[in-house]
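S.K.: Before we start, here is the structure in question, set down as structure tokens.
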2 protein chains.
Amino acid sequence: LDYQHVQVPFEITLWIMLASLAKIGFHLYNKLPSVVPESCLLIFVGLIMGGIIYGLNDKSPPVMDSDIFFLYLLPPIVLDAGYFMPSRPFFENIGTILLYAVVGTIWNVFGIGFSLYGICQVKAFHLQDVSLLHNLLFGSLIAAVDPVAVLAVFEEIHVNEKLHILVFGESLLNDAVTVVLYKLFRSFCEMPAIKSVDVFAGVGKFFVVGLGGVLVGLIFGLTAAFTTRFTKDIRVIEPLFVFLYSYLSYLTAEMFHLSGIVAIIACAMGMKRYVEANISLKSHTTVKYFMKMWSSVSDTLIFIFLGVSTIGENHEWNWPYICFTVIFCLIWRALGVLVLTFFVNRFHVNTITSKDQFIIAYGGLRGAICFSLVFLLPDFHRKKLFIAATTVVILFTVFIQGMTIRPLVDLLAVKRKRESAPTVGEQIHIRFLDHLLAGIEDISGHWGQYYWKDKLEYFNSKYLQKILLREYDQPKSSIVLLYEKLERKHAIELAEAGQLGRAPSHPSLLRSGFLCSNNRTVITDKKLEDTLNPDVLENIQEILARNLYRIRRTGPAYNRHTLPGETEPVEHAKEILILRHKSL
Amino acid sequence: LDYQHVQVPFEITLWIMLASLAKIGFHLYNKLPSVVPESCLLIFVGLIMGGIIYGLNDKSPPVMDSDIFFLYLLPPIVLDAGYFMPSRPFFENIGTILLYAVVGTIWNVFGIGFSLYGICQVKAFHLQDVSLLHNLLFGSLIAAVDPVAVLAVFEEIHVNEKLHILVFGESLLNDAVTVVLYKLFRSFCEMPAIKSVDVFAGVGKFFVVGLGGVLVGLIFGLTAAFTTRFTKDIRVIEPLFVFLYSYLSYLTAEMFHLSGIVAIIACAMGMKRYVEANISLKSHTTVKYFMKMWSSVSDTLIFIFLGVSTIGENHEWNWPYICFTVIFCLIWRALGVLVLTFFVNRFHVNTITSKDQFIIAYGGLRGAICFSLVFLLPDFHRKKLFIAATTVVILFTVFIQGMTIRPLVDLLAVKRKRESAPTVGEQIHIRFLDHLLAGIEDISGHWGQYYWKDKLEYFNSKYLQKILLREYDQPKSSIVLLYEKLERKHAIELAEAGQLGRAPSHPSLLRSGFLCSNNRTVITDKKLEDTLNPDVLENIQEILARNLYRIRRTGPAYNRHTLPGETEPVEHAKEILILRHKSL
């Protein structure tokens with residue numbers, strides 16, 4: 001038996017396997033996930049595992065390594081979050097999100113830090129040796145809302161899109177603030193005296209860390225898009241570039257002490273549009289699938305490790321300090337949300353309702369980032385107290401808040417997420433309104449959101465697309481793409497029902513309501529179609545059909561690096577199609 | 001700048017990036033890959049990289065770590081090979097493959113070892129201090145044909161299936177022999193005296209290492225199949241299990257000193273059939289894609305590292321020894337193939353032609369496995385000579401043989417791979433003949449290949465499928481599946497041409513030859529269809545259509561772990577389809 005030789009990969013594989021099996025286990029009983037969030041169950045599994053390890057070895061189980069967390073577990077989750085980020089609501093609310101993320105986090109850090117310092121002055125608690133700086137340092141790591149925990153809980157409760165993006169966006173973008181404040185207070189703790197110039201330098205760092213992260217991310221994102229222009233002959237490695245470049249952006253940002261989370265999100269959002277257009281459909285399925293898979297496994301591992309690391313003798317149980325930490329976390333977050341929303345609502349037409357405010361405040365979950373940061377603290381005599389307080393705050397927020405938020409959302413009747421995708425009609429109207437508003441903004445001289453969006457879109461189609469897309473000369477309207485997709489789906493549906501040979505003509509299908517129910521997105525278009533004459537419809541269809549003829553890409557005959565399905569004699573099929581067109 | 005913190009993942013990512021970019025670079029110029037095999041180009045890139053590192057640092061560049069190679073780079077390639085292994089030709093030729101792999105490799109080891117020992121006795125060469133055991137040890141590592149190198153070259157030259165599987169199968173299965181002989185001679189080198197019992201124990205080990213590997217692989221493979229029965233509600237982690245279980249089988253086998261390569265191949269071949277039936281179509285695309293991607297990147301990295309490791313001062317250039325190594329490798333392999341094929345041909349109807357024999361002998365490429373093994377040798381004063389000889393043999397086989405094998409295949413007019421897939425008619429006939437032959441074998445009392453295949457198939461459908469498949473009660477004939485696939489493809493084709501609305505009826509399409517050229521697999525069926533009456537065809541089609549109605553699987557409403565496309569209101573669509581059926 002030669003265990004040492006294979007130990008590292010073997011144990012990693014076993015941990016991932018445990019995580020995956022735990023996930024399957026929960027989903028076998030349909031009732032369980034609907035009551036308890038998965039994150040709680042996973043922490044629970046971790047607690048049991050930790051208990052077993054503690055019982056067997058009679059020493060504390062290994063805590064989650066901060067390096068492993070920040071270098072390997074966090075990036076997949078953030079990448080997934082950035083790649084599937086709904087960009088429209090995100091950019092519509094970017095101002096509010098930034099306010100919560102920057103001002104809100106700073107408010108929480110100082111609020112929690114100072115009030116805990118106040119608690120430390122009470123002699124009965126035996127905490128006089130915890131200095132103000134240490135309290136602020138602790139505040140800086142406990143204040144930040146955790147994207148992993150937020151994602152795990154909010155994806156199960158389906159609140160409306162705006163509410164979701166406000167909490168989730170804040171949890172992602174506060175990383176820049178957390179990084180700066182945490183490092184600032186840490187270096188202050190080690191300095192003999194603090195000069196005022198250091199404080200100003202700290203303020204300047206906010207911008208460097210945040211904007212630097214965005215810059216690094218965009219550079220890597222656009223490079224990734226550019227690279228995928230040249231992968232036509234070697235489709236199988238396309239998905240790799242998406243992962244490699246985004247990971248590099250994260251690592252590069254971390255290397256320069258910038259915000260890695262911000263970088264990877266900028267990278268993912270920047271590349272998505274171009275990469276999707278360049279790579280093949282199968283590659284894209286693989287990218288999406290693997291991203292989901294990886295982030296899913298990562299967050300399972302994080303919660304299990306959280307549970308495992310909780311067990312042991314790393315804690316100093318000074319209950320007053322711990323309890324007041326929990327209370328202050330709740331109070332300052334609630335106050336912060338109230339005050340900030342007051343200002344936000346004064347400048348917006350779509351105000352944030354008081355129900356939404358409550359959920360934003362209540363959804364401020366803490367998670368593995370705090371946990372990793374507290375272990376990264378330099379050794380000092382009260383570190384174990386901070387670890388204990390952090391652990392309790394995380395468990396409190398994930399268990400108590402995480403489990404009660406769903407009933408509360410039901411109770412308050414918070415506006416839910418819209419279940420259906422926007423219809424074609426709605427999409428057209430939204431785009432029309434965007435152009436209209438951009439025009440109004442331009443005329444009125446008010447350079448708002450729509451003006452910039454319009455400019456960016458112009459810049460994109462004029463320069464970026466030409467550089468980054470392989471076939472930039474054939475831009476397709478998203479409506480035409482949607483039509484193609486529906487047609488393909490409909491065709492598959494027919495083929496599976498075995499009705500292709502005797503398919504009734506398209507307009508008659510429309511009349512019988514078949515196509516309309518074929519896909520949710522067209523259901524509400526039925527009215528539109530009812531008002532149209534079948535002949536007119538057929539005419540439209542013919543025009544679309546002629547423009548939709550798409551020449552498939554050709555591939556090499558046979559290659560190690562291509563999958564079987566991709567290598568068809570396309571040229572041949574093309575000719576036949578053209579001939580058939582003529583004969584009809 | 002904090003480089004050390006991110007060094008490990010950063011450098012790994014950069015190496016993978018370099019490998020991927022190199023791959024893209026080659027494929028940009030279409031002419032290059034058709035003349036020079038990719039493996040040669042990659043080694044060349046590695047040589048340049050090594051030269052740069054050597055020039056900059058003024059010391060030898062780091063050699064490829066054997067642990068990294070065996071634990072991380074080799075498994076993806078072998079997994080890919082095992083998963084996409086054509087099982088029919090493999091099992092049809094399993095006897096011949098095993099003969100080449102076991103007897104052939106032993107023959108080569110002792111042939112090369114003893115003749116090199118003979119060379120060492122020539123005083124002019126100054127090699128008298130290399131003992132017989134050391135020569136045999138060297139023989140054991142240099143004799144084995146390398147699957148990575150063989151795969152890289154043979155996938156580009158498209159020889160016929162039997163020839164391909166003979167060389168490739170041998171290169172995979174000789175791992176068990178190599179492991180045993182290498183470890184045996186290594187331990188003999190360190191022993192003061194060798195007893196005859198040790199030699200016998202070595203012979204016994206062959207079976208333990210080989211069959212143990214198969215057993216470990218099958219256990220993990222069937223467990224993987226069983227696990228995927230329960231992933232219905234959580235599709236995104238399905239692909240993970242395929243990778244985790246196969247990797248675990250490899251690591252477990254290595255841990256017990258069994259053949260990891262054999263284990264992972266047994267695992268992949270054992271699970272494939274059941275996993276494919278259990279997981280969703282998208283998961284399967286992801287599995288296939290990622291396997292290809294990973295193996296592609298791994299083999300790129302291996303060849304680049306091979307090049308990098310060649311540069312430096314690890315070599316002792318004793319040219320007589322090196323040249324004779326190359327010559328003996330060629331001679332003994334040629335002799336071995338001739339002798340073994342002579343026996344094989346006496347017992348088979350389908351004999352191996354002399355052209356095929358030449359290609360088998362000439363295709364005996366050496367690669368990274370030899371290279372890693374030679375670095376794993378215990379330190380002794382002639383290790384650098386062995387490293388030099390191994391390097392030269394690898395470069396000689398990959399460059400000279402790898403580049404000339406394609407022109408030779410053309411020159412000799414070796415039977416090529418059939419370009420088209422078997423037609424439906426052929427598939428039916430093959431299956432019919434299988435059953436017939438199994439029956440004949442059963443009656444005649446000759447328990448041959450067909451008898452066992454039939455028994456295995458019976459065992460599979462009677463027991464294994466019930467345990468391992470989620471929906472074992474609805475087994476579909478492969479012909480029905482093929483029909484479904486063709487129909488779906490045809491439908492997409494029509495939809496893309498925008499002709500769905502006015503699609504001519506199916507039989508008329510058949511007559512106009514459209515469907516026939518739609519897909520290669522049905523081209524030769526045209527004759528069959530021409531002889532059938534259109535009415536008969538329509539009748540057949542209707543029967544098939546009725547049986548083909550497939551109820552799609554339902555998914556939960558919305559979930560973090562599912563992709564958007566999977567959550568359609570299927571129930572709704574189903575009802576409509578059924579209604580439509582009735583109305584028609």
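The count begins at 1 with the first shown residue.
Placed from the backbone N, Cα and C atoms, the Cβ positions cover glycine too.
Annotations in TrEMBL come from automatic prediction, not curation.
Owing to the predicted nature of the structure, the values given are computational and were not obtained by experimental measurement.
Got these off TrEMBL a minute ago, pasting:
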- B:17-409: domain 'Cation/H+ exchanger transmembrane' (DOMAIN)
- B:529-584: domain 'Sodium/hydrogen exchanger regulatory region' (DOMAIN)
- B:12-29: transmembrane segment (TRANSMEM)
- B:35-56: transmembrane segment (TRANSMEM)
- B:68-85: transmembrane segment (TRANSMEM)
- B:97-120: transmembrane segment (TRANSMEM)
- B:132-153: transmembrane segment (TRANSMEM)
- B:165-185: transmembrane segment (TRANSMEM)
- B:206-227: transmembrane segment (TRANSMEM)
- B:247-268: transmembrane segment (TRANSMEM)
- B:289-307: transmembrane segment (TRANSMEM)
- B:319-347: transmembrane segment (TRANSMEM)
- B:359-380: transmembrane segment (TRANSMEM)
- B:386-409: transmembrane segment (TRANSMEM)
S.K.: Check the transmembrane segment (B:68-85) against each of B:12-29, B:132-153, B:165-185, B:319-347 and return whichever range has the most CB pairs under 8 Å.
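M.R.: The stretch with the most contacts is B:132-153.
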S.K.: Can you give the mean pLDDT for the domain 'Sodium/hydrogen exchanger regulatory region' (B:529-584), rounded to a whole number?
M.R.: 48
S.K.: Could you name the stretch, out of B:35-56, B:97-120, B:165-185, B:289-307, B:319-347, with the greatest number of CB pairs under 8 A to the transmembrane segment (B:12-29)?
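M.R.: Per the Cβ under 8 Å count, B:289-307.
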S.K.: Please indicate, using numbers and ranges, the residues of the same chain that are 6 or more beyond the transmembrane segment (B:97-120) and have a C-beta under 8 Å from a C-beta there.
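M.R.: Residues 90, 127-128, 130, 132, 135-140, 142-144, 165-166, 169-170, 172-174, 176-178, 181, 206, 320-321, 324-325, 328-329, 332-333, 335-337, 339-340, 343-344, 360.
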S.K.: In the same chain, who gets a Cβ under 8 Å from the transmembrane segment (B:165-185) while lying at least 6 residues past its ends?
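M.R.: Same-chain contacts beyond the ends: 78, 81-82, 86, 89-90, 93-94, 96-98, 100-102, 104-106, 109, 133, 136-137, 140-141, 143-147, 150-151, 154, 198, 202, 205-206, 209-210, 213, 257, 259-262, 265, 352, 356, 359-360, 363-364, 369, 373.
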S.K.: Might you confirm whether the transmembrane segment (B:247-268) is in contact with the transmembrane segment (B:319-347), defined here as three or more C-beta pairs under 8 A between residues 6 or more apart in sequence?
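M.R.: Between the transmembrane segment (B:247-268) and the transmembrane segment (B:319-347), which are separate recorded stretches, there is no contact, as judged by 3 or more close Cβ pairs.
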S.K.: Residues sitting near the transmembrane segment (B:247-268): Cβ under 8 Å, six or more positions beyond its termini, same chain?
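M.R.: For the transmembrane segment (B:247-268), the sequence-distant neighbours (Cβ-Cβ under 8 Å, at least 6 residues beyond its ends) are 70-71, 74-75, 78-79, 81-83, 85, 147, 172-173, 175-176, 179, 183, 208-210, 212-221, 224.
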